[in-house]
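S.K.: Handing you a structure now.
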Amino acid sequence: MTNTTTIDYSLDASWILPVVPHQRLFKDCSLLISRDRIHSIVPTSQSLRDYTVRERISLPGQLLMPGLINCHGHAAMTLLRGFADDMPLETWLKEHIWPVEAQWAGEEFVRDGGELAMAEMLLSGTTCFADMYFFGEALASAVHKAGMRAQLYFPIVDFATAWAQSPDEYIHKGLKLRDTYRSHPLINVHFGPHAPYTVGDAPLERIAVYADELHAQVHIHLHETPEEIESSIKEFGKRPLQRLADMGLLTPLTHCVHMTQTSAEDIALLANSGAHVIHCPRSNLKLASGSCPTAALTQQGVNVALGTDGAASNNSLDMFAELQAAALFGKLVAGDAAAIDAHSAIAMATINGAKAIGLEDQLGSLEPGKQADVIAIDMNDLDLQPVHNPVSQLVYTQMGHRVSNVWVAGEQLVKSRDLTTLSRKEIAANAAQWREKLGAKR
C-alpha cells in the first residue's frame with residue numbers, strides 16, 4: 001500500500017503563475033493548500049497519486065496566480081462612481097467630492113460603499129486592498145464580515161470632518177482603531193495623512209514620531225499635480241517630497257501615492273530612502289494629473305506597486321485593468337516598447353504590492369508557507385484563443401471579468417463567480433438607495 005499525504009485542497013489547473021520565481025509558469029500542475037497556507041505546487045499526476053485531499057477542484061483551461069493587491073483606494077467612494085467626471089483634480093475635489101462627503105460621509109456610507117467595493121474587487125481578483133477613508137471602524141467591521149484582507153490607513157487632515165475635528169483627534173481615533181485590530185489576522189491599521197497640502201508641519205512631525213515608535217506605515221498622496229509642486233515651493237521653499245524627507249517621513253515604511261510630477265532628484269531621493277511608489281495610472285489619466293515614470297523608477301531600484309484609487313475617479317476597481325494600463329502607459333512614457341513587460345506589470349499588482357505593505361513574506365506569490373490568497377482565471381473564452389502565452393493574455397486583454405474563483409487565507413470567497421460571504425442582492429439594493437439619496441441633492 002502506498003502512503004499518501006492528507007491535504008485540504010488540491011486546485012488542479014492548466015497553468016500556475018507563481019510570480020516568484022520571476023517568469024516561471026507551471027503547466028498541468030496542482031496548487032496544494034493546507035489550512036490557510038500554500039503547501040506546494042506539484043504535477044497534477046503527482047497530486048492524484050500521492051495526496052488525499054479534502055476537496056479537489058478541477059480547473060481545466062484555467063490559470064492560478066496570487067490574489068491581486070490593490071495598494072491605494074477609497075472604498076466608500078465607490079458610491080460616488082460617475083458622480084463627477086471630466087474635470088481636473090482640484091475642481092473635482094473642492095466643488096464636487098468634498099461637499100457631498102461633508103453631507104453624507106458616515107458609518108452607513110462607509111459600510112455600504114465598502115461592501116460594494118469589496119464585491120467588485122473580489123469578483124475581479126483582488127484579495128487584499130489598501131484604503132484611506134474616514135470611519136475606518138465601519139469599514140474594518142465590513143472587511144471582517146467579508147473575510148477579505150485589508151490595510152486601513154486612517155486619514156489625517158487639518159480641517160474638521162464628520163469623523164474628527166482636528167489632527168489630534170484623527171490621530172487619537174486612528175490609534176484606537178489600530179489597537180482594536182492589533183491581532184487581527186486579515187486587517188492592519190496605519191497612518192494616512194491625506195496630502196502635504198492638507199496637513200501642516202506640526203501634525204506631520206507628530207506622525208513621523210509615532211510611525212517611528214510604532215514601526216507603522218505612512219500612506220500619503222504625493223506629487224499628484226503640477227499645482228501641488230508649485231504651491232509647495234512657494235509656501236515652503238521646497239518640493240513636497242523633500243519636505244517629507246526633512247521631517248523624517250520618507251522611509252521604507254512610506255507609500256508615495258501617485259508621484260506623477262517627478263524629477264531626477266526626486267527619483268534619487270526615493271531610491272535612497274527605500275520609500276515605495278503607488279502608481280494609479282487610470283485615475284491619473286482620467287484627471288490628467290500627469291505621468292508616473294515607472295520605468296525610470298524601477299531602473300533606480302524603487303519599488304512600484306499599483307492602486308486603482310477610488311471608483312469616484314477611476315471609475316473601476318478592476319486591478320487587471322490597472323496593471324494593463326500600467327504596462328501600456330509605462331511603455332508610452334518611457335518611449336520603449338520593452339519597458340514594463342507583462343511579467344513586470346503582474347509583479348506590480350502582486351509581489352511589489354506585498355513589499356509595499358510589509359507582507360512580502362506572507363503574500364504576493366504562490367510559494368510554500370505563504371498565505372493561500374489565490375485566484376483562478378478562466379482562459380477558455382474564444383477571444384483569448386489561441387493561448388500562446390497565458391501571461392500575455394493576462395495583461396493585454398480584458399481579464400477581470402474572467403476570474404472564476406477566489407481564496408483568501410484558504411477560505412473560498414468567490415465560487416464559480418458567486419460571492420460566498422457577501423450578498424449581491426443586498427449590496428445592489430443599498431447602492432440603488434444611495435443613488436437616490438445622492439442624486440436628489442445634485
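Just so it is clear, glycine is given a Cβ too, placed from its N, Cα and C backbone atoms.
What Swiss-Prot shows for this protein is this:
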BINDING   His72, His74, His221, Asp309  Zn(2+) binding site
BINDING   Glu101, His194, Glu224, Asp309  substrate binding site
S.K.: Going by DSSP, is His221 (Zn(2+) binding site) sitting in a helix, a strand, or coil?
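M.R.: In the DSSP reduction, His221 (Zn(2+) binding site) maps to strand.
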S.K.: Please identify, from the binding-site residues His72, His74, His194, His221, the residue with the sparsest Cβ neighbourhood, meaning fewest other Cβ atoms within 10 angstroms.
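M.R.: Looking at the binding-site residues His72, His74, His194, His221, the Cβ with the fewest others within 10 Å is that of His194.
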S.K.: Reduce the DSSP letter at Glu101 (substrate binding site) to three states and note it down.
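M.R.: Assignment for Glu101 (substrate binding site) reads helix.
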S.K.: Report the member of Glu101, Glu224 (the binding-site residues) whose C-beta atom has the most other C-beta atoms within 10 angstroms.
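M.R.: Compared across Glu101, Glu224, the most Cβ atoms within 10 Å surround Glu224.
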S.K.: Across all the protein chains here, work out how many other Cβ atoms are within 10 Å of the Cβ of Asp309 (Zn(2+) binding site).
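M.R.: If we count other Cβ atoms within 10 Å of Asp309 (Zn(2+) binding site), we arrive at 26.
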S.K.: For the C-alpha pair, I'd like the distance in angstrom between Asp309 (Zn(2+) binding site) and Glu101 (substrate binding site), rounded off.
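M.R.: Approximately 16 Å lies between the Cα of Asp309 (Zn(2+) binding site) and that of Glu101 (substrate binding site).
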